[in-house]
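Report on one structure; see the data block that follows.
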Amino acid sequence: MGSRPSTKIPAPMMLTIRVALVLSCICPANSIDGRPLAAAGIVVTGDKAVNIYTSSQTGSIIVKLLPNLPKDKEACAKAPLDAYNRTLTTLLTPLGDSIRRIQESVTTSGGGRQGRLIGAIIGGVALGVATPAQITAAAALIQAKQNAANILRLKESIAATNEAVHEVTDGLSQLAVAVGKMQQFVNDQFNKTAQELDWIKIAQQVGVELNLYLTELTTVFGPQITSPAFNKLTIQALYNLAGGNMDYLLTKLGVGNNQLSSLIGSGLITGNPILYDSHTQLLGIQVTLPSVGNLNNMRASYLETLSVSTTRGFASALVPKVVTQVGSVIEELDTSYCIETDLDLYCTRIVTFPMSPGIYSCLSGNTSACMYSKTEAALTTPYMTIKGSVIANCKMTTCRCVNPPGIISQNYGEAVSLIDKQSCNVLSLGGITLRLSGEFDVTYQKNISIQDSQVIITGNLDISTELGNVNNSISNALNKLEESNRKLDKVNVKLTSTSALITYIVLTIISLVFGILSLILACYLMYKQKAQQKTLLWLGNNTLDQMRATTKM
């Protein structure tokens, strides 16, 4: 039995899905509100649903290339059918041979298998070089070998049926559907008509349709006619081969109509030829499609910036290109792991990055917290369309209203102008004429001004200028340092040695001691001198008193 690719989700991805599902239970779906941001030059261009896809599931589609005509009309179309049959064999035999070579390259020895596999691939490669992608595709082809063998076992019954769509389940390890685009044409044209058709008309109709289908076959395969390991068949190619009957297989594999158009655009539905039988003209294709998990609460919002007018010149907001919001949490979304379609993102993993408080506040509607960069030049397109209206920087270009006639002026201090059908029905911007059908309601903020403190330098030329100023400042500082060094060089280094410093300290202490002793001695001598003066003064006074007393006597 053929091996079946595992659809088990790896543990890290399962954890991511569980976290996202928990958030979806407690938080409503959110997206960035672009109404307060538009006048600040930040435009939300659209939202996309975020999905996770993992290991693919597979099914087989058996294309019945040769239709069965009604018995009474076989002779009529024998000539074009025979020519078509020969052309098919010539066209697809190299493909069948290449498939067989790759599938037969499997051997029991481990080392020989890789060598034979690469050799089988190189056999169908013009330059003799097998890329890793081709080796991987060939390995998948080998894995489908048993399923292809089981289909060939039922080839006679599949070729004999007149049904345009026929589910084949007997002995197959995966879902297989036999379809016949040409059989559908035969059934519609001949089996269900009541009018008689002449032989010539039957032959002409069959011949034209067979030639058209041959053209589609050559368009579908291209270089893969010689090597099935070159490229995968796209979903568009599969539809060309199987017609509308392709929907039957996709529905059986669980792809809903609401998801089908998005998956077709994603390129995740592909096919690989696994067999070709020239006897019955059956072409087997293994169809691969992803298992998709929807994150109902998560939306990816795409942001574009418009050059706005500031007092420091033209600038654009510094915001991420893609953000996602869950509840009150806004983070930057890395889309390098995702495949984008018009409405959806299909990611193998969800990777987000936290934003600074300033950017978070800006995207939450606080435009005064938005930061701008002087990176937009005058040649940048100064306008952007959104929902039938226009956001334009009318200071960078002339906003001329054709109907009603007039010039739309942008007031001083305004970052951009919001123009809708209420103010102008037909608008001319730099030679481009636009008919406006949208309208900015009252919830859109207008007349927003960008402060000088919100504009920073990030452009290459501006940064070079600022770096030049910094270099000048550094040069001036170096000159001052050189001058200081010259002054220091004049100082005697010997006087600043350790031993000299110790000597200076000791001498200073001795000097202080002698100074203190001298001060004490001086104080003592002064005290003694004053005492002597007092004694002499007393003796003088006493002698004078005695002399006065003697005189009186």
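Backbone N, Cα and C atoms are what each Cβ position is placed from, and that goes for glycine too.
Pulled from Swiss-Prot:
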type: SIGNAL; residues: 1-31; note: signal peptide
type: COILED; residues: 142-170; note: coiled coil
type: DISULFID; residues: C338-C347; note: disulfide bond
type: DISULFID; residues: C362-C370; note: disulfide bond
type: DISULFID; residues: C394-C399; note: disulfide bond
type: DISULFID; residues: C401-C424; note: disulfide bond
type: COILED; residues: 466-491; note: coiled coil
type: TRANSMEM; residues: 501-521; note: transmembrane segment
type: LIPID; residues: C523; note: S-palmitoyl cysteine
Of the recorded positions listed here (C370, C401, C523), which is spatially closest to C338 (disulfide bond) when Cα positions are compared?
C370
Candidate disulfide-bonded residues C347, C394, C399, C401, C424, pick with smallest Cα gap to C523 (S-palmitoyl cysteine):
C394
So how many other Cβ atoms are close to C523 (S-palmitoyl cysteine), meaning within 10 Å of its Cβ?
10
Enter the number of other CB atoms within 10 angstroms of the CB of C347 (disulfide bond).
25
Distance between C401 (disulfide bond) and C394 (disulfide bond) at the Cα atoms, whole Å?
12
What kind of secondary structure is C370 (disulfide bond) part of, going by DSSP in three states?
coil
What is the nearest of the disulfide-bonded residues C347, C362, C370, C424 to C394 (disulfide bond), using the Cα of each?
C424
Just how many other Cβ atoms lie inside 10 Å of the Cβ on C399 (disulfide bond)?
25
Out of the disulfide-bonded residues C347, C399, C424, give me the one sitting nearest to C370 (disulfide bond) by CA distance.
C399
Could you state the CA-to-CA distance between C424 (disulfide bond) and C399 (disulfide bond) to the nearest Å?
10
